[in-house]
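Asks: Structure provided below as structure tokens; questions to follow.
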Amino acid sequence: MNKLDLNLKEVHNELVEFLRENFKKAGFSKAVLGLSGGIDSALVAYLLRDALGKENVLAIMMPYKSSNPDSLNHAKLVVEDLKINSKTIEITDMIDAYFKNEKEATSLRMGNKMARERMSILFDYSSKENALVVGTSNKTEIYLGYSTQFGDAACALNPIGDLYKTNIWDLSRYLKIPNELIEKKPSADLWEGQTDEQEMGLTYKEADQVMYRLLEENKTVEEVLAEGFNKDLVDNIVRRMNRSEYKRRMPLIAKIKR
């Protein structure tokens, strides 16, 4: 049995109940999420439909001019399948207006700005619709630091933040999410041709096996290496986990003597 295998029916029920319970506690009945065309946000959309009903879910698609056309098409597949409310807001003018005077901007800076622009739109619609912003980052991304602080990582609650990427794929198959989204190469689509795995220098499946041992089984690096995992891979993962710890906590506040 694969260490990452889950009882998918139980997990689905657990996540749906998590959403219902926490929306009720917060006094909200509606949700808003960014629908990118990737599998993570698609899965969250399906969970929200099951938890709140299709009429209470607003999916916002926010393409930039360099976004892969497949991303928007795949997002629309989800909207059509779930029959949820949706809106498309182009962010090209907003991003280009800012970078007009920043000619030396790197792809990373532009990608982070796009993520934060999308966050800003989601929270504005949260106010407009009296809805909670629901996050779409998985556990693998969160612990590798593969997110933009106060960008795609910003949300009121996140139903998939304890699921590794492997779990995301498995649960998506269980829920019969369109296969095009499951089989495509994971990409934040922040610039043309970008893929997550190429950028990080690892595969999600490899990372999940290592991270499961470190985080769930509390094994040391030495114990993980003793199981035969590649040292460069493990070092890459541990370095990313350590370097991104600040993203996983609230801002540090200096305490003064009184």
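Placement of Cβ uses the backbone N, Cα and C atoms for every residue, glycine included.
Note that the structure is predicted; figures quoted are calculated from it, not measured.
Sharing the features that Swiss-Prot gives for it:
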| type | residues | note |
| --- | --- | --- |
| BINDING | Gly34, Leu35, Ser36, Gly37, Gly38, Ile39, Asp40, Ser41, Thr136, Lys165, Ser187 | ATP binding site |
| BINDING | Asp40, Glu141 | Mg(2+) binding site |
| BINDING | Arg116 | deamido-NAD(+) binding site |
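What's the neighbourhood like for these features in this structure?
Replies: Taking all protein chains in view, 22 other C-beta atoms sit within 10 angstroms of the C-beta of Asp40 (ATP binding site).
Arg116 (deamido-NAD(+) binding site) falls within a helical segment according to DSSP.
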Asks: Which chain-mates of Glu141 (Mg(2+) binding site) that are at least 6 residues away have a CB under 8 A from its CB, listed by sequence?
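Replies: Long-range Cβ contacts: Asp40, Ser147, Lys165, Asp196.
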Asks: Just jot down the residues in the same chain as Ser187 (ATP binding site), at least 6 apart in sequence, with C-beta under 8 A of its C-beta; none if empty.
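Replies: The answer is Gly38, Asn68, Ser71, Gln194, Thr195, Asp196.
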Asks: Per 10 Å Cβ neighbour count, which of the binding-site residues Gly34, Gly38 ranks highest?
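Replies: The residue with the most neighbouring Cβ atoms within 10 Å is Gly34.
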Asks: Around Ser36 (ATP binding site), how many other C-beta atoms are within 10 angstroms of its C-beta?
Replies: 26
Asks: Calculate the distance in Å between the alpha carbons (Cα) of Ser36 (ATP binding site) and Arg116 (deamido-NAD(+) binding site), and round it to a whole number.
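Replies: Taking the Cα atoms only, Ser36 (ATP binding site) lies 14 Å from Arg116 (deamido-NAD(+) binding site).
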Asks: How many Å separate the Cα atoms of Arg116 (deamido-NAD(+) binding site) and Thr136 (ATP binding site)?
Replies: 14
